[in-house]
Amino acid sequence: MKMKSPTTMIPGLYLTLFFAYLFGPLIIMVITAFNSSTFPRVSPWECFTTDWFGKLASDDKLLAGLGNSLLIGVGVVCVAIPIGLAAAITLSQVGPKLRAALYTIFIAPILVPGVVIGLSTLIFWDRIGTLFNAPYESFFYDGTFLTIFGQVTFIAAYSMLVFLSRIQRFDTTLTEAALDMGATPTQAFVKVLLPFMAPAIGSATVLAFLASLENYNTTVFTIVSSSTFTTVLSSKVRYGLDPSISAVAVIIIAITLIGAIIYECRNRYNTKGWAHVIADRPVLKIATHPGTVAAILGVLTLAAVVFIQNHDSSACTAQVLEEKRALQQQLMEQQSLNTPEKTVPAPTMPNLGPLGGDEGGTSAPSPFGNNIFSPENLGTSAPAEN
Amino acid sequence: MRDLFYDLVRRNGMAVCIYLMLAVSIWVFLLIILPQLTMLDYSFRFNLPPAKIGGPEDVYTLEQYRYFFQGSGASDGINTLDIGILFKTLLSAVFVTIFDLIICYPVAFVLAKSSTGAKARLLVLALIVPYWINEILRAFAFRILFGATGVINETGMGIGLWDTPIDFIREDVALYAGLAYAYILLMIFPLYNAIESLDRNQIEAARDMGANWWQVHAKVVIPYAKPGIASGMTMVFMLTSGALAAPQILGGPSNLWFTQLVYQWFNSGGNWPRGSAYAMVLLIVCIALVLLVMRLFKVSIGEIRQ
Amino acid sequence: MALTFSGVVSSMTKEISLEHVWVEFGEFTAVHKANLNIAGGEFFSFLGPSGCGKTTLLRCISGFQEPTRGKVRIGGEDMKGVGPNKRPTALIFQNLALFPLRSVADNIAFPLEVRGVDKKTRRKRADELLELIALPGQGDKKVSELSGGQKQRVAIARALAVEPDILLLDEPLSALDLKLRQHMRTELRAIQKQVGLTFIYITHDQGEALTMSDRIAVMNKGKIEQIGDGRSIYDHPTTSFVASFVGENNVLDGTVLSNDGKVMQIDAGMGTPFTVESHPAGGPALAPGDACHLFIRPEALRVSRDDSSVNQFETNFVTEEFEGNMRHIMMNTNGKDLKLSLINDGTNAIDANSPVKLDFAPELGIALKPGELASA
């Protein structure tokens, strides 16, 4: 026993480390969304703030991008799911030689770099548009349409894989039974195969929608002059690091977690063991119903939103500002006393004035738009962070 | 072909058969094959203003490929910069792939063989959740983590490992960590699926016959999981070498990823034919590499599954 | 019951004939010139080891497989080009193929649903059929909530809802455990009697075939070896395969010494020559000098009461398998193993340490032309 315990601990320890790698960056990003520092960071901790969320709500570009993304997502689902389903069914019905060839073609869009797919889609429809002498406003040049086409190319392959794994478990004698009992082939398809595929259609839809929402590599080419949530986010990140991006992450992570919790609750609720437990306990039955869990999470979310809207961190941020100013002043005095020649970098000086003037105002907003007040500006310059 | 059509009609009826054929044809021809062919065609053309397209100057040329190999300079020069970027990209992608394989194999094995029921499902869910967060945001998280005042630098300096902040971005450490993170799931799941279907008794039999843990893996589990390993590696390699978001966000200012070259020719360069040629180079080199490795390890493309 | 099946009973007399049916898959011949007639209302079984072509033949009748050559006629009509949904047959699949996502009643009413029958009529009909299979009021259950035997009966009810002339059953009992299987044999036969339909039954289990069928066709490697009722197949096999496949049999290699049309003398290397009856049901006649297989069933062998019996020979005890009601004793003579089955009546006529004399009646020994034997 003594000898064994370390070896049995290793897998657990390794899993812990692995999940730390998986979740660590996300947790840190979440924390930075609540720090009032204008650069996303955990330390030094300045003030707990929810202002970054407010900044998001007024970000029109991001909201417009989100609108486009949702539209594209719906479009992709509508096209990719029927294609993926048809591909999976076709594969399940053709002979082994043709199946291998088709499978290679179908799987290729997953392996081809997204950049290549985006580019080829753009060129192809541009060519077709030129061929028909289509006006520039026509859909051949429309970012939304092109993006749907581009994304469908590989998302159809993802959904095909989902359908394939389901259809492999389909008992083909069910179709034969239906035919034998007088159903036409189409009836057999609609009444037997399609209902069997329904769960896979559900999960493929979710998968396709999420894949569409988060795609960047293909979209960045096909979106042309329009924008999606992801492309706006990307340009935001490349322009400058800003805790409001962390706030976006917080929202997405929250949605994901809520989805995952409800999913897991539903799974547990539907297990046989649990059905046995709650059979004669009506209170527990209601309390653990996925609907109840969803409602509780909904209320919590609402509470969080209300909290975010009403939380006022201006007093704290003003104080931090004051402290920083004092520190800087002190530093300056010290430096000017010790080594008058080597002063602090000049550019920070002029900025002190106008900002310092804000100290009295209690309604000073925390995002100043630049991070010139980051402490490292006092020491080594760190322009690389921008 | 006619037999195939009749067979499909007989099995599914005319209406469903038409749907199947239409959907598959649209996908294969309109979305997959024709766009790729158009891009191939484009890569053999000069970059002409719209007015001249289709005119007498619109002829086939190897100019765009010549540029990739020789650059704009003297006729027998070599475009060391772009070729170097391609090599660096491929090498880094291989490195990231191997790194992912090494860290994912134990996880997949533990998940597949030591966890059951609700616990396994919860762990799988925990694996998927990070993957649902936007790729851009995942890269952004690494940017925060590895920044000059990021948690890594603060911790490292805090416990006295180094004195001045290390520029992880410039050293590409952040990029590799971010890329490895981005596609980790695509490595775990094929491995997990492959190992999960392995009969536990085989492992126990091997152990019973005196194999130590290392031999169990080398002689039983890994050969069995080979198709899973191949598909995981292929997927991660292709996606890593074709990544764009992570290099744009995490890449150092002087280190370009090959996809960024394609992007530049396309967007800021406005040279579509050259962008196409570069994309073709990337595609062909990647596929050739994957096929070569698959041939070496004797796995077929049909075994690739997600 | 008659009220719900009056319509069916009147149309049940369609006979099925297979005329020189061949089925070939590339080089492989799955069915080799099958030729037979099945009368209306008959319970007919195809018996054979797996891979003998019986399922392929069934699929030819149900319409899932077109014969490469030959004709399938149902009620005199050629079925070429008629799809499975247009034939007057209903197939019960080996795995039953009940639709897992539909309720019991919706399963049974499926044939009516696809024919556009309205919901109310469908429900009424399903309830009637549930009554017939002794599962009244279970229509709203899920299929997964039924036991194995209940599923079996639902599958039959669903097939009957088609109002077929012929019910085809593809080893439907193979997934059940032994007790239930034996019970379902009786039940199937009872349902068949009740509805009066033609049943065509596929099985590799001789017990099932023998207990239920009016007639049996024994198949091997795509060929029909013998057609007949259970008794004639068991008592008077016409080929070595049938003799060795149906029931247990001791087989001895022998040579025909004489054959006068009524009895044969056979040297089987057991000391004295054996006397057996010439085959009454035909089969290829054996001439003196021919090699033959001599089959003697374990229960046909008996311990000799005295020294004057015909076909008497000496054996040595090897080992015994005790089964409770039966004792299976392995004996050996001149290096040839023989099995002897005795009813456990409390006596012990076998002495393990000294030679034992056995004999058998001439009509119970069957000499056939040497042919392929069924593997154990």
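Every residue number used here counts from 1 along the chain in the order it is shown.
Quick reminder: no glycine exception, Cβ is built from N, Cα and C everywhere.
Among the features that TrEMBL reports, transmembrane segment is placed at B:12-34 (among others).
The feature domain 'ABC transmembrane type-1' is assigned by TrEMBL to B:86-293.
Annotation comment: TrEMBL describes B:90-111 (among others) as transmembrane segment. Tertiary neighbourhood of the transmembrane segment (B:90-111): same-chain residues 120, 123-124, 172, 175-176, 179-180, 183-184, 187-188, 191-192, 195, 217, 221, 229, 232-233, 236-237, 240-241, 258, 285-286, 289, selected by CB-CB distance under 8 Å and a gap of 6+ residues from either end.
Look at TrEMBL and you will find B:123-153 (among others) tagged as transmembrane segment.
Note on the transmembrane segment (B:173-192): residues 92-93, 95-97, 99-101, 103-105, 107-109, 111-112, 124, 127-128, 130-131, 135, 138-139, 142-143, 145-146, 225, 227-229, 231-233, 235-236, 239-240, 243, 246-247, 249-252, 255, 305-306 of its chain, located 6 or more positions outside it, place their CB under 8 angstroms from a CB of the stretch. Marked as transmembrane segment by TrEMBL: B:173-192 (among others).
What TrEMBL records for B:236-257 (among others) is transmembrane segment. Residues of the same chain lying 6 or more positions beyond the ends of the transmembrane segment (B:236-257) and with a Cβ under 8 Å from any Cβ of it are 85, 88-90, 92-94, 96-97, 100-101, 135-136, 139-140, 142-143, 146, 169-172, 174-175, 178-179, 182-183, 186-187, 263, 282, 286, 289-290.
Within the same chain, residues 39-40, 43-44, 64-65, 67-68, 82, 86, 90, 226, 230, 233-234, 237-238, 241-242, 258-259, 261-262, 265 sit at least 6 positions outside the transmembrane segment (B:277-297) and bring their C-beta atoms closer than 8 Å to a C-beta of that stretch. Look at TrEMBL and you will find B:277-297 (among others) tagged as transmembrane segment.
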Other than its close neighbours in sequence, what residues sit by the transmembrane segment (B:123-153), given a CB gap under 8 Å and a spacing of at least six beyond its ends?
111, 115, 165-169, 173-174, 177-178, 181-182, 185, 188, 192, 245-246, 249-250
Do any residues, 6 or more residues outside the transmembrane segment (B:12-34), come within under 8 Å Cβ-to-Cβ of it, and if so which ones?
5
